[in-house]
Number of protein chains: 2
Amino acid sequence: MATGRNHRPATRSRGIPEATVARLPLYLRALTALSERSVPTVSSEELATAAGVNSAKLRKDFSYLGSYGTRGVGYDVEYLVYQISRELGLTQDWPVVIVGIGNLGAALANYGGFASRGFRVAALIDADPAMTGRQVAGMGVSHVDDLEQIIQANGVSIGVITTPGGAAQQVCDRLVAAGITSILNFAPTVLSVPEGVDVRKVDLSIELQILAFHEQRKAADELAAGRNGTPRVPAAVERRAGRAEDGPEGDIPAVMPA
Amino acid sequence: MATGRNHRPATRSRGIPEATVARLPLYLRALTALSERSVPTVSSEELATAAGVNSAKLRKDFSYLGSYGTRGVGYDVEYLVYQISRELGLTQDWPVVIVGIGNLGAALANYGGFASRGFRVAALIDADPAMTGRQVAGMGVSHVDDLEQIIQANGVSIGVITTPGGAAQQVCDRLVAAGITSILNFAPTVLSVPEGVDVRKVDLSIELQILAFHEQRKAADELAAGRNGTPRVPAAVERRAGRAEDGPEGDIPAVMPA
DNA sequence: AACTGTGAAATCCTTCACAGCT
DNA sequence: AGCTGTGAAGGATTTCACAGTT
């Protein structure tokens, strides 16, 4: 898939690494904050700190976009805001639909930062007739029967799925059939989509489980270290350590699904 | 950092790769579904499909946990559920607090999948006195003044921040001072925390921006390909292509370093 | 003097492909 | 015969460190 070899010096190289793309929004946010404070230029070091990364990484990232900095000086804030916005496709507006107007769907509909960057909620869609027509975030909820028509009429290419897990694949299939090519999935389901459709997944429960893993490891390390190391670990670990033990190995448990 | 060389067959190697940890919850979810259907064993191929990864990756991931499969047969579903649960620390229960009971905080509080896997909402906390005492998801909202006391009393070590961006760092500092060592941050803010505290970030706006990047690239590729390629790209790209143009190269945009 | 842009090295992650067990 | 477990190869990402520019 990589474009063989890129002769052109920079300025328009195809194929920005995915890891870099995922950080561009962070840089953009930090830059926007600087812009609002009318800061004219910023060094890679300062910007990196604001974005929560290290400066070598930031410079490498920017090098994929082109040479937008000035040696000895830094980056022009407004200019960079524009370049990154353009690279991310935020100079155009992106209508999105939210399917599944439960607690989460409604919360997202109300979420302000949504509209801020070129994203516009074109419609809220739900399968429940009792929901249809109700006002959420100042907007009428449409019935899922009209899904295809809404997408076509508004030229929507991004869909957000906030249905229960059981409905997600079905909704996904309809979205894709209707022309959607990017999906943000909040349902706890692995969606299968045809080639050419992007799916990103946001899953609260997965994030918590990852945190739990590290949390547990901290407690275990603390125990193993015989509590004689640096006393930098906060109180919770200490309190928790007792419960963390579970029989380190051995007997097969009474595992319970439900 | 790698433990030199691991003699022990497996069973307890330190240092599971982060990428693997991030996938364990996916495997666990797929396994739980199999378990509910009383499927006794599963091959790496089947499980990988259900989890949305490829089988080599899955086998490699499991190899970090130990040798839990049977050659020629596959994995015992119940046994694997237990092993992964244990590895993730889900055999104990994790009280969490949610700070910031706006739309999103309330939605999370109501979210069912929360409680399912050992996570228990110990308290909902908000700074707004008007919110205090109100019932959300069958639970009283506490005032942020009591944050420290609540955390100590319940042995909470995981905090979820759903405040507006402006309040997030402040809340984070208090959580950390009170003993929290893992934070799930929904606020659009880069949190700074002392060493030993884990932060994971969930950001709707960032996810959408990443999708927009790819969406834009699809449209651009479509144009560049002179629309003679395979006609597999859905209608939205076509519709969108006109707007996606922005001056492909060449002229420097209106926005310029002052 | 300050700071960017980038090859090269180091590290991390994925995929291949097959030996080894059941 | 079927499937796991894993070295080794291949990619991708991060970090280093410094040449080059203002």
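Note: Cβ is positioned from N, Cα and C throughout, glycine not excepted.
Within the listed segments B:185-221, B:222-258, TrEMBL records region 'Disordered' for the stretch B:222-258. Annotated range for DNA-binding region in TrEMBL, selecting from B:26-65, B:66-105: B:26-65. Listed binding-site residues: B:Gly100, B:Asn103, B:Leu104. Those with a CB under 8 Å from a CB in chain A, in sequence order: B:Asn103, B:Leu104.
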